6 protein chains.
Amino acid sequence: MPIVRVEMFEGRDRETKQKLVKSLTAEMARVTGCSEASVHVVITDVSKEDWGIGGELAATKFPD
Amino acid sequence: MPIVRVEMFEGRDRETKQKLVKSLTAEMARVTGCSEASVHVVITDVSKEDWGIGGELAATKFPD
Amino acid sequence: MPIVRVEMFEGRDRETKQKLVKSLTAEMARVTGCSEASVHVVITDVSKEDWGIGGELAATKFPD
Amino acid sequence: MPIVRVEMFEGRDRETKQKLVKSLTAEMARVTGCSEASVHVVITDVSKEDWGIGGELAATKFPD
Amino acid sequence: MPIVRVEMFEGRDRETKQKLVKSLTAEMARVTGCSEASVHVVITDVSKEDWGIGGELAATKFPD
Amino acid sequence: MPIVRVEMFEGRDRETKQKLVKSLTAEMARVTGCSEASVHVVITDVSKEDWGIGGELAATKFPD
């Protein structure tokens with residue numbers, strides 16, 4: 001039943017997200033002993049214009 | 001003052017969201033005794049490419 | 001697969017939470033057409049010392 | 001290390017978000033004593049069609 | 001209607017939280033133009049045993 | 001800069017949480033290419049009395 005949420009900069013493609021979901025799910029099951037079937041992973045893409053670090057937008061701090 | 005968040009697959013139209021907001025708000029008030037006016041409901045549409053269940057993307061597991 | 005989160009003031013007992021889970025789940029299924037079995041509801045009790053409204057702690061604004 | 005999340009109606013431009021990130025970060029550091037460099041701020045723009053208040057969508061209650 | 005969430009290490013007292021709520025609310029209103037009355041701030045205290053940074057628990061990395 | 005949140009039933013000890021943080025951080029870095037140092041993991045222990053699945057509390061459905 002665990003729920004894992006990932007917030008990261010937008011731009012990863014579907015294949016990377018599939019790998020991430022697979023890998024985080026496997027680790028959750030391995031470390032906590034839950035079943036893989038019970039794990040939910042929800043990914044949120046965040047624009048660099050919506051993420052501030054140290055008071056500055058990531059869009060400014062880490063331009064693409 | 002309760003805040004209710006709903007994460008669900010994207011694709012519901014405005015009318016359905018209006019019904020959902022009305023109904024969840026009414027139930028919150030009925031069961032907990034808070035006022036309807038104080039209830040916030042925030043809906044997040046999640047793409048099936050951003051939701052993993054059992055290690056697999058919902059986009060693969062439940063194609064439209 | 002929907003996930004519903006509820007943040008509310010702490011203090012509701014288990015019976016009320018059970019009613020809330022039952023009722024929000026039923027409404028999710030009725031309005032969106034998902035199965036009841038797929039609905040997760042996660043409740044977070046929030047202390048009035050951790051909730052600010054209009055710049056003031058709820059602990060001050062709404063003392064028990 | 002604090003993480004601040006802001007959910008607000010969509011429509012603010014990048015300059016406003018930059019000001020918000022700067023100001024919330026400064027206040028976090030001033031009040032809690034953490035370093036500004038350690039503060040993350042994540043902004044989520046919410047459509048008025050996804051926000052219910054008192055059982056009604058903000059899109060209806062507060063049309064633009 | 002904005003909702004601000006703060007996750008930070010546990011240990012701040014009520015007075016500090018009151019200052020934080022007051023100050024974040026004032027800045028939200030000043031920068032975005034919303035009313036102070038409409039701002040919610042929800043604080044979550046996180047134990048250093050529940051926060052990992054760079055793969056290590058904060059409890060180990062930043063012992064009290 | 002990614003932030004990973006884990007909600008799971010309460011009861012895991014510090015050693016398990018340390019392993020979980022280490023492992024999820026490593027996978028985030030491996031799959032997305034971010035640095036391990038930039039990954040935050042925040043764990044939330046949820047009581048079985050606060051988690052509903054299919055309309056029933058986990059406390060009832062999965063008693064300890």
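Yeah, the Cβs are placed from backbone N, Cα and C, and that goes for glycine too.
TrEMBL annotations: computationally assigned, not manually curated.
Taken from TrEMBL, the feature active site, proton acceptor covers E:P2. Taken from TrEMBL, the feature domain '4-oxalocrotonate tautomerase-like' applies to E:2-59.
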On the DSSP side of things, how many residues of the domain '4-oxalocrotonate tautomerase-like' (E:2-59) fall into helix, strand and coil, could you say? 27 helix, 19 strand, 12 coil
I'd like the number of other C-beta atoms within 10 A of the C-beta of E:P2 (active site, proton acceptor), please. 21
Please give the average pLDDT for the domain '4-oxalocrotonate tautomerase-like' (E:2-59) in this predicted model. 98
